[in-house]
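> Got a structure for you, questions after.
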Amino acid sequence: MPRKIRVLIVDDSASVRQTMTEILESDPGIEVIGTAPDPYVAARRIQQEVPDVITLDVEMPRMDGITFLRKIMAQRPIPVVVCSSLTETDSETASQAWEAGAVEIILKPRVGTAQFLLESKIHICDVVKAAAGARLRSMPAAGRANRPRVPEKKLTADAVLPPPVAGRNAMARTTESVICIGASTGGTESLREVLEALPAASPAIVIVQHMPEKFTEAFARRLDSLCDMEVKEAVDGDTVMRGRVLIAPGNHHMLLQRSGARYYVSVKDGPLVSRHRPSVDVLFRSAASHAGSNAVGIIMTGMGDDGARGLLEMRKAGAYTIAQDEATSVVFGMPKEAIALGAADKILPLEMLAMEILRAGNR
């Protein structure tokens, strides 16, 4: 019988600690080995028994969660799932959590927290189980000076995508390529590593990164400050063009569209697709319909299977498709599913993706 995943819960709220314990221990594969009201108690608990996963609040007495997260990753890396009542004004804090090494962030409301956690039981257990298998990587410090240079019921994307339009114009070959990237758990820092390595005049890039609403704007701002390419949160109608990276806003789907030789994005509401909004499948399938062989599809680290079928559609439409390899994926879920479907032309490690983007995008 496989060993249970051992979890340490760190939260200053006694009721949250109790509710989280009940939720996690309802899964037969998870065991809560302890709880702590603050990082100091947590540190002593870790010395007694090292957990497989830590769930961590951010706002706590004596030491904030981000400081504790940085100490964990510097001294004894352990997969950490941040579970906190962050609001849109705390979006920079969320960025700091991902930068410090958090595997995932679960948002809990400031009121009705216990009920929310109970309703999110399956998601929370899935995230913790994915975190237990995460490959923690030491990422290079952000900054221009030292970055590498390169010359629920699951709906399909049909619920969001418009019916296909007859005619050959949408599939006609143009001189410009569009790079479509999908990522989830572990993607924030992996994307940073890829985008930092690209020069300003790189091919156009559109990205779906699973992330809560309002946090994508801060994520885009952070990347824009680090990268030579322009990085922005997409708004409806934004032009897709060389030198620009568009990131789908949280809680909205992003579709690639085409008018003549011009590509642009449509940002829209819609149901959850593959349990996500934005959905990688929605972006990839729209790229298959409107870009065809002009597109390059890349599926990166993340749990679940969002994007796998969409990548297969891109490949069938003539796009060049890539899956990140297992060794460099924080969570080898989405790429694994895509590879199993035969959706990937090539499987590459993270450090080779920037070079391949330039090669494929300029072909």
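Yeah, the Cβs are placed from backbone N, Cα and C, and that goes for glycine too.
What Swiss-Prot shows for this protein is this:
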- 6-123: domain 'Response regulatory' (DOMAIN)
- ASP57: 4-aspartylphosphate (MOD_RES)
- 172-363: domain 'CheB-type methylesterase' (DOMAIN)
- SER184: active site (ACT_SITE)
- HIS210: active site (ACT_SITE)
- ASP306: active site (ACT_SITE)
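How buried are these features, and what lies next to them?
Every protein chain considered, the tally of other Cβ atoms within 10 Å of the Cβ of ASP57 (4-aspartylphosphate) stands at 26.
In sequence order, GLN209, HIS210, HIS276, VAL280, THR301, GLY302, MET303, GLY304, ASP306, VAL331, GLY333, MET334 are the residues of the chain that are 6 or more apart from SER184 (active site) and have a CB within less than 8 Å of its CB.
Counting Cβ atoms from all protein chains shown, HIS210 (active site) has 27 others lying within 10 Å of its own Cβ.
ASP306 (active site) falls outside any helix or strand according to DSSP and counts as coil. Every protein chain considered, the tally of other Cβ atoms within 10 Å of the Cβ of ASP306 (active site) stands at 31.
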> Any idea what the model's mean pLDDT is for the domain 'CheB-type methylesterase' (172-363)?
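95, rounded to a whole number.
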> Going by DSSP, how much of the domain 'Response regulatory' (6-123) is helix, how much is strand and how much is coil, in residues?
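Helix (H, G, I), strand (E, B), coil: 56 helix, 25 strand, 37 coil.
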